[in-house]
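Here is what TrEMBL records for this protein:
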type: REGION; residues: 41-61; note: region 'Disordered'
type: BINDING; residues: 48; note: NADP(+) binding site
type: BINDING; residues: 125, 126, 127, 284, 299, 300, 301, 302, 303, 325; note: FMN binding site
């Protein structure tokens, strides 16, 4: 199975299945000399792990990470960093009902027809549980970025029809409420909405917004490795993501050039400024040095407790009502996954940026 590795200079390879003994990741290309311990990684894993609120799956996984290689005396050595996370709370018997039935909205049909074999227990490799490995790798990427003054912050912008009010934006609320929404009032309404869906056996989708600050201009490689293209690939690789937009995004299609263009103004005391950021901080596939803003759309969780028409592996029509433990909405747990994939991508392209100019190479070697 190819496709489990991302990056050129900072590479990340994830492995493992939802109901296997463990899952993990190998990070290659991390510079030596960066302070790193398991607690650094665990903080982000704890933001993603299940069973922490009424709005996530009741599956209980501690998601305790163990560093197997690449770190000595609390510092990275420059060699591949291998991490492992044990699976401890699998209820594989819950999936016996779908051993020979394709679940609507899941990757059962496509995986089975691609490989001729399908691990139906929890979705196997296609499970959202795979993202735990991404979050672990992303925590390492964030440690690299922290040395360079780059900060990444994602949050839930909307769940179903409930949207954050920009006037109520409070960054502290992201960590204060279980839905990771920066608007306490919106979070309360979203919680009520999710509860209503849970009682019906249904689920919700939503949007995660991500802001990257402190990234210098010049990051991104024309023409096929543009910064926005690389971020789009990374974010779209998250299983439930169905779309991504930068800055004004699709709304820009309905504007005029004079409305959409970001004007530039220079002040001797403040430097170059932009009154607007319709570009989302990226022009020509290269970072401008202003905040990068993008949004990812997540589909509703496909595992629902409602009757659905489907077919068996031998193409017999049937009806399916799923049982087991599932998230009524995955958006809040996906916030840190978005941060992780953004961090991995930014580190990879930052390293490539150094190779784009001889003066930067000389400076790196001096």
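In case you wondered, yes, glycine gets a Cβ from its N, Cα and C as well.
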Which listed residue (48, 125, 299) has most other Cβ within 10 Å, given these are binding-site residues: 48
Count of other CB atoms lying within 10 Å of the CB belonging to residue 301 (FMN binding site): 21
Of 127, 303 (the binding-site residues), the residue whose Cβ has the fewest other Cβ atoms within 10 Å: 127
Residue 48 (NADP(+) binding site) and residue 299 (FMN binding site), distance between Cα atoms, whole Å: 18
Reduced DSSP assignment, residue 125 (FMN binding site): helix
Secondary structure of residue 48 (NADP(+) binding site) (DSSP, helix/strand/coil): helix
